[in-house]
Structures are given as structure tokens and as C-alpha cells.
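**Q** Pasting a structure here, questions to come.
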């Protein structure tokens, strides 16, 4: 039997930002028994001894007091290091470009946090993500948030039926300007707080400086595929496929882009032109596949896919290789498909699941220098 809202405990992850603040407010207004939890995933004391997590937690405390809900802080630093940060370093070490947000959602926010919330008697967890959950045809479906510009299903692509059955996304039907307005009307302390961007554990720090604390940089040669040396790179891990900034190649003509990496010889391949054919792939092998539905997939099916966040939907054919691997055939060649990033599958507004980009091909030829 379904519980009434006041009998339903919802434990919401609160970051100290406006989105999770309004999500908590909405749940409270809807009559749920709401508890706010601040997750401390990273020791982020900066060089001045200021811990931004402390500032964020103070914002959570203020908002929870304004709304009238209890709050706690939970430390997931060890789990985050083991499951997210170690993966992040391993991928960069392998010359790939990882997506820690996908792993954080899978392992921390909807696993470690979910388990903690259930121990607190939660019926559901909630977050400030822009996504929707619907129960249709006997199973849970994850749908894009109505705000196209903010939809975050790309980062949630690994969530399972079990996780979705315990999840609420209060912001899924709203657009960002509405959320800012609600926060303002309610007088929430975070109403005017700037949105956080970038990788959470790097924050405002310089990416190169941060990464070099954990992985020794190995400078090497920057050259074209035909062998023309164009300069030196600071370390392959600092560059991603399709990158333009930071190459330092002067001269006239079209701008230069990173088009590939040779890990064995520590070479960064570069070439000119945004639409350079070296940047385009039409076939992808992806691994670590996760489907939202438990129903068996057809061996081959058509859908759309995003190969990076906020990319337009691309028409593709997905072929199931095995339970962990798919082959993706693109209707049109796609620019800068990057090993290590997530590819996420959609049927209209429904997010079907996702995988990690492993190998990229063009016209049947493997792009060995990608990755």
C-alpha cells in the first residue's frame, strides 16, 4: 500500500547549491518527511587553508534551518577515493579522458549515499539533478529533465532499476530560471549562489597543477601524422581529442587541434582545421555497458546517442557484442569521439543506459592514435 507523503521519508543529498536547496524545499512543501544530507567526498582545503566543503555545509545548514528540516553531514572520502578518484587517475594514466561524474553517481550518490539513507529509514533518496523517473509498463524509466539545457541524464546513465525505484528528482519538471525564482521567493540563503562547474575535486584550481600532484607528467613531441614536428607537449594526460587551446602552435592558416595520442612513443598528434577528417569517427566499441531496463535487449536496434554532455542527439545503430560490450554504428561521422568518455543512449526522452567509449573507427579502420 502506498504511504502518504507525511509517512514517507525522503533523504535528500544537499550540496549547498541552489538546485538541491529548492529540491529540498519542494519535498518539504509536498508534505514529505525530509532529511538533508551533505556528502563530504573530498578533502578540498585550498592553499589558504580554506575548506570550500565547510562553506558549502554552512549553506546547507542555513537552508535546512530556513526550510525546517533536520540535516547531517556524512563523510564518503574513502569510498570516493577508492571508487571514483582511483578510476579517474587510472584512466588518465592510460591516455584516456574519464568522466568522474558518471562514476560518482553510480558509486557514491546512488550507492553509498543510498545505503546510508536506507539505514536512516529512508523510503527514497532525492537529489537536485535535472531528470525524471516514471513507472511505466511494469518498470522504472529514466526520462530527460524538461530543461533541455540542464538535463543531466547523461551523467545518470548507469542507474539501475533498483536505484531508480528508490529515487526522486524533484526538479525534473522545472527549468533553471524557475528554480532561481523559487529560491528567491522563499528567501533561501543559496538563491543567488553561483552554480559550480568543472570537476568537483579540482574546483577552481589549475587542472595541470592538480593532476601533476598525482601523476608525473612526461613531456614529449607534438607532431602531425606525417611526422612533421610542431612543438612539445607537457604530457599526454593534459590533452583531449579535439582540443584546441593550450597547444601553443602559432603561424597562419587554420587553427591546430589535438587529433590523437601515441602512448607508447609519447607523441601528441596534431592537425589543422576544426572539421579535419582525422577528428571524425563513424563506429565505436564501448564497454562497461549499463542498461536502465532489466529486459533483454535486441541484438541490434536503432536509437540516438550522445558522445559527450550537451551534444546534439546522433542517430545510431547499436549492436550487442556481449553483456559488457556494444558496437555503435553512426549514421553520420561524429567529431572528437573520445575514449574514456560516456556514450549515452536515448529513445526520445527516455534514457536507455550508457557505456564507456573504448575504440573509435572510421570507414572500418581503427583510429589507433585515438586514446
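Our numbering is plain: 1 for the first residue shown, then up by one each step along the chain.
Each residue, glycine too, has its Cβ placed from N, Cα and C.
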**Q** Can you pick which of 68, 95, 121, 128 Swiss-Prot lists for the same ATP site as 13, 14, 15, 16, 17, 18, 19, 20, 39?
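**A** Site partner of 13, 14, 15, 16, 17, 18, 19, 20, 39 for ATP, according to Swiss-Prot: 128.
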**Q** Enter the number of other CB atoms within 10 angstroms of the CB of residue 200 (active site, cysteine persulfide intermediate).
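**A** Taking every protein chain into account, the count is 18.
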**Q** What same-chain residues, at least 6 away in sequence, bring their CB to under 8 Å of the CB of residue 104 (active site, nucleophile)?
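**A** Long-range Cβ contacts: 41, 80, 84, 200.
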**Q** Compute all pairwise C-alpha distances among 13, 14, 15, 16, 17, 18, 19, 20, 39, 128, the residues listed as binding ATP, and give the largest one in whole angstrom.
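**A** Overall maximum Cα spacing for these binding residues reaches 16 Å.
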**Q** Relative to the Cβ position of residue 15 (ATP binding site), how many further Cβ atoms are located within 10 Å?
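**A** 20, counting other Cβ atoms within 10 Å of residue 15 (ATP binding site).
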**Q** Residues with Cβ closer than 8 Å to the Cβ of residue 13 (ATP binding site), same chain and 6+ apart in sequence?
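**A** Non-local contacts for residue 13 (ATP binding site): 20, 37, 38, 39, 109, 113, 125, 126, 127, 128.
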**Q** Using a 10 Å radius around its CB, how many other CB atoms surround residue 17 (ATP binding site)?
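**A** There are 20 such Cβ atoms around residue 17 (ATP binding site).
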